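Feature annotations, reproduced from Swiss-Prot:
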- Asn18, Leu20, Gly45, Glu66, Asp91, Asn113: S-adenosyl-L-methionine binding site (BINDING)
Amino acid sequence: MNNRVHQGHLARKRFGQNFLNDQFVIDSIVSAINPQKGQAMVEIGPGLAALTEPVGERLDQLTVIELDRDLAARLQTHPFLGPKLTIYQQDAMTFNFGELAEKMGQPLRVFGNLPYNISTPLMFHLFSYTDAIADMHFMLQKEVVNRLVAGPNSKAYGRLSVMAQYYCNVIPVLEVPPSAFTPPPKVDSAVVRLVPHATMPHPVKDVRVLSRITTEAFNQRRKTIRNSLGNLFSVEVLTGMGLDPAMRAENISVAQYCQMANYLAENAPLQES
């Protein structure tokens with residue numbers, strides 16, 4: 001038997017499809033999401049409706065974004081969910097969540113079992129819409145969740161950690177074994193909750209500058225910041241901000257990255273593109 005087939009659908013490798021089938025895990029995720037009628041619930045990658053059904057049961061209306069044409073068609077003819085669903089057969093990476101929130105008249109509650117092959121770039125896409133999002137609950141590769149929640153001075157701490165924590169409060173919810181999926185992925189999974197900050201703990205004047213600094217620092221994470229960020233900051237400027245030029249990217253806190261971004265935004269602002 002082909003272990004990539006689930007409920008008559010062949011999992012497509014190019015879409016990174018692994019279908020959740022463990023009822024205990026499904027119940028735990030739905031409980032963590034706690035969907036309520038009247039909320040603007042949006043599911044990314046509903047697949048074979050493992051989460052869509054139990055979430056949809058609690059709602060009058062649910063929006064789903066599904067790239068796979070066959071799966072989107074199955075949802076349209078779903079026996080009891082069909083009338084409740086608004087289906088966008090589209091890539092979530094190009095979806096305008098801000099427009100949807102405006103249309104629905106409230107911030108979105110976004111959830112999904114995300115395809116692991118796009119999870120990190122999709123996170124960055126969603127971060128650009130945090131003003132339009134109330135919260136997010138995602139099943140991700142455990143290693144990605146570890147990176148999202150990591151603090152300074154750890155191997156998992158990187159650009160994703162800094163940017164996620166700049167935008168959101170990040171809370172791990174539960175770990176999920178490969179056996180909970182068809183076909184089983186080769187890695188462990190985990191569920192994470194991301195709640196955009198109501199008030200930014202470390203506001204920056206230009207988030208593009210923060211993105212640039214973190215990219216340059218972590219692209220050369222073994223170098224000291226004296227070297228990796230030498231084109232942006234002199235040793236005198238670093239020490240003036242209370243930063244040791246001998247530190248590496250992974251030693252610098254989110255607050256310190258934001259401090260650096262604000263210095264640069266004031267003293268060497270990026271030109272509008």
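Cβ coordinates are placed from backbone N, Cα and C, and glycine is handled just like the others.
For Leu20 (S-adenosyl-L-methionine binding site), the same-chain residues lying six or more positions away in sequence with a CB closer than 8 A to its CB are Ile26, Gly47, Ala50, Leu51, Asn113, Met139, Ala180, Phe181. As a whole number, the greatest separation of Cα atoms within the S-adenosyl-L-methionine-binding residue list Asn18, Leu20, Gly45, Glu66, Asp91, Asn113 is 20 Å. Counting neighbouring Cβ atoms within 10 Å of each of the binding-site residues (Asn18, Asn113), the lowest count belongs to Asn18. Of all the binding-site residues listed here (Glu66, Asp91), it is Asp91 whose C-beta has the fewest other C-beta atoms within 10 angstroms. Reduced to three states, the DSSP call for Asn113 (S-adenosyl-L-methionine binding site) is strand. In the three-state DSSP scheme, Leu20 (S-adenosyl-L-methionine binding site) falls into the strand class.
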